[in-house]
């Protein structure tokens, strides 16, 4: 039972003896170019509205801090995570965003870049961030320790938050799916199960969008703190 439950998160499973699961991370790149060859439709208009809204929000967060072009980098980060979260909801598609290997590979380089840039170019500003304004002198050593720990664990919290939310939803869907054969004799229970799975799938769609947005916004906020 446990093997079947976690088999969907196994990156070593293969197709025709070729381990190709991690290639699903790049499937989103096949979808984006097709938009430029299609007649404008509702989905394309909606996606453009999302991108424009994100651009205006990220530009506001980064104004006076970094180059405005940085907002496009964080929009790309949002799009990549969103496509991976969405594709993972389809049957037989490996969810790379449910693995710490994927999420840490995104969070750690960003955090390391921000820290190196901040401590090299704005050393006094980074030291000032360790002691919040108005802190009593007796509490300053403790605040420095607390702020240092909170800065160090930032990439881990980003990675674990995204991976844990993806794993939780997929496990619930798998558990509900495995109970289907056990209640085949009851029509009412089958209907309740199908309704529950539909509602849970809608919830997972929302979680996919929210977690992509949270990851991108927090990364943007972290980058604005180093200037």
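Glycine is no exception: its Cβ is also placed from the backbone N, Cα and C atoms.
All TrEMBL annotations are machine predictions without curation.
Under the heading transmembrane segment, TrEMBL lists 20-39 (among others).
The feature transmembrane segment is assigned by TrEMBL to 72-94 (among others). Using a Cβ-Cβ cut-off under 8 Å and counting only residues 6 or more beyond its ends in the same chain, the transmembrane segment (72-94) has close neighbours at 8, 11, 13, 21-22, 24-25, 27-28, 31-32, 51, 54-55, 58, 102, 106, 162, 166, 170, 201, 204-205, 207-209, 211-213, 215-216, 219-220, 223.
According to TrEMBL, the transmembrane segment annotation covers 100-120 (among others).
Counting same-chain residues at least six beyond the ends of the transmembrane segment (158-176), those with a Cβ under 8 angstroms from any Cβ of the stretch are 4-5, 8-9, 81, 85, 88, 95, 97-100, 102-104, 106-108, 111, 193, 196-197, 200-201, 203-204, 207-208, 211, 214-215, 218-219. Taken from TrEMBL, the feature transmembrane segment applies to 158-176 (among others).
The transmembrane segment annotation in TrEMBL covers 188-221 (among others). Residues 54, 57-58, 61-62, 71, 74-75, 77-78, 81-82, 85-86, 88-89, 106-107, 110, 158, 161-162, 165-166, 169-170, 172-173, 176-177, 179-180 of the same chain lie 6+ residues outside the transmembrane segment (188-221) yet bring a C-beta within less than 8 angstroms of a C-beta in it.
Tertiary proximity for the transmembrane segment (100-120) is limited to same-chain residues at least six positions away from its ends with a CB under 8 Å from its CB atoms, namely 11, 25, 77, 81, 84, 126, 151, 154-156, 158-160, 162-163, 215, 219, 222-223, 225-227.
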